[in-house]
Structures are given as C-alpha cells and as structure tokens.
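Report on the structure given below.
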Amino acid sequence: MKPILLQGHERSITQIKYNREGDLLFTVAKDPIVNVWYSINGERLGTYNGHTGAVWCVDADWDTRHVLTGSADNSCRLWDCETGKQLALVKTNSAVRTCGFDFGGNIIMFSTDKQMGYQCFVSFFDLRDPSQIESDEPYMKIPCNESKITSAVWGPLGEFIIAGHENGELNQFSAKSGEVLVNVKEHTKQINDIQTSRDMTMFITASKDNTAKLFDATTLEHQKSFRTERPVNSAALSPIFDHVVLGGGQEAMDVTTTSTRIGKFEARFFHLGVEEEFGRIKGHFGPINSVAFHPDGKSYSSGGEDGYVRIHYFDPQYFEFEFEV
C-alpha cells in the first residue's frame, strides 16, 4: 500500500474532501491556495485562486459543478469547478470556519468565528436567488452566543445542519426556522470534525477530548465511542465496511517537543461494531488534520500538519479481512 503523495501546499492542511463520485479530491490548507487533484493518480487538476488568508473549509456540490471555500480572510467564495472562475464572494466580519452545500446544491451554509468582537453566526444563502449574495443578505442567520461552532455538516435531505461546538456540544439547527431542534453534550472538549455516513443516517465526530463518537443523524443519539490517547482531529466512516479511520496527534504547539517516532501520527482504523482498533498506517511527519474515505471505500486520504496529502489505496488483504469478535 504505497501512498500517493500530493505536494501542493506550503502550510499545514486544514481539510480534504472528495466529490460525490470520488474522482476528484479537494484540499485546502493554511495557505491561500485551493487545490483539486485526480484521486486515481494524484495528478493536480488545478487551483482556485483568490483567497488571501488561510482556507479553513471546502465543499463540492453533488454534481461537482460548484466548489465552496471559507477562509480566514473573512470571506466565503463560490467557484466554478471546471474553469476555476470565482462566481460569488460573500464578505463576513470574521473568519469562515465551516461551509457546505445542501444535498441539492442550491443552499449553502457557513459559520463564522467569534473574534474581534464579532459573534459566531451560521448563515444560509439560497443560490437560486442571486440578490442574497449580491446584497450580502442571507435568508437566515443564526447567532451562537454560548460557544463558537468548530465543525458543521448538513443533515439528510437538507432539513437541518448538525453543528459541533468548542465546548463539546452538538446542536441540530433547522435550515427553515433556525431553531435548535436537538442539543446533546457527549464530548467534554472541542469537536474538531464531523463527517456523515454515505447514506447520511449517522455521523461521526472527532474531538479534542481524545475520542471519536458515532451518532444517529436525526435524533443525535449517541451510538458508539472510539478512544485514543491523543486529540482526534478528524474521523471518517467507510462507505462499504463497518470501519472508522481516525486521524490525530498532538496539539500543534507541542509538536516540536517530541521526535516523530513517538509522535503517534498514524491513521488508526477501528471496527464500528465492537469499537476495537485493528490497524494503523504511518505516514505523516506531524498530526493528521483531516481524513476522508473515497466514496467507493477502496482508498482513503489524509492531510497533515506537514502540508502533505497522502492517498492510500488499500491492499487486497484489507477487503478479505474478517474482524474476529
């Protein structure tokens, strides 16, 4: 399982995301460049240029026509995927931390950070109404007073979003009314990442409290827990097996104090049913900040603090592997 190494960023990776078919991989980092790669061979298809600060999040809509990015330059931008042209620019008062298309690709949501005296907000724009973007007037804006949103995804059918907060809370916000439908607190520290299952019935959270947890997307009922010794930065669910991959490591500020050998920068594979770890894959020279499974489940990718993205194609043994309970 020799990984394909993607070198397109000068700073640490913040998020990686496959499109729905999985032929493209989008990567963003703490540099202003948004890259898109062919996932089959790691060839770089192109870049989306325009941001002037670290890019925190990226998403592609279901038919890969549009790409959405949110950045610390206080903007959320919409791009034409094929040409790389910037289609829309939404200015915000603070850094855009998370962003996403709903399942139809018509509505975008993004959340902004609480900084420089500004509140944390989630904004919803309907792309079918160009006046909303032009006048910077979202059809709905939800304030988050208690704790800022650190990760958010759309729920099934675009009826609500699931947001993870700095204090470990999970909230389900209605995309119609903006009210909190469900609130749970299973984590004790910040939620770094949320990813849904392929059919969107479940989602997995990755938290600074050294755990990843599986939840029901509709009820937010806690199903499973995966424990490690270090902060978990990202977690992804396999679309074909009951497998979870976790990426993590230390806090960025502690990285220089240990050698890479004891850094524990492996991607860790857990079995969903029995919550047991069954494999690790080494690779990055620093914490893993984002992991993602290919939609066909035959490969996965990881992006690290070292600025590299690695695409790993699984060996045949992986598909024959039976977990013995």
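Cβ coordinates are placed from backbone N, Cα and C, and glycine is handled just like the others.
Noted in TrEMBL for the protein shown:
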REPEAT    6-47  repeat 'WD'
REPEAT    48-89  repeat 'WD'
REPEAT    184-225  repeat 'WD'
REPEAT    281-311  repeat 'WD'
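Note on the repeat 'WD' (184-225): residues 103, 150-156, 162, 164-170, 172, 231-237, 239, 244, 246-248, 270, 272, 275, 290, 292, 295 of its chain, located 6 or more positions outside it, place their CB under 8 angstroms from a CB of the stretch. Residues of the same chain lying 6 or more positions beyond the ends of the repeat 'WD' (281-311) and with a Cβ under 8 Å from any Cβ of it are 1, 3-18, 20-22, 25, 27, 29, 37, 39, 42, 193, 195, 198, 233-241, 245-250, 252, 255, 260, 263, 265-267, 269. When the repeat 'WD' (281-311) is classified with DSSP, helix, strand and coil residues number 0 helix, 16 strand, 15 coil. Below 8 angstroms of C-beta separation, residues 11, 14-15, 17, 19-21, 24, 26-34, 36, 95-101, 103-105, 108, 110, 127, 133 of the same chain, each at least six residues beyond the ends of the repeat 'WD' (48-89), sit close to that stretch. Assigned with DSSP, the residues of the repeat 'WD' (48-89) fall into helix, strand and coil as follows: 0 helix, 23 strand, 19 coil.
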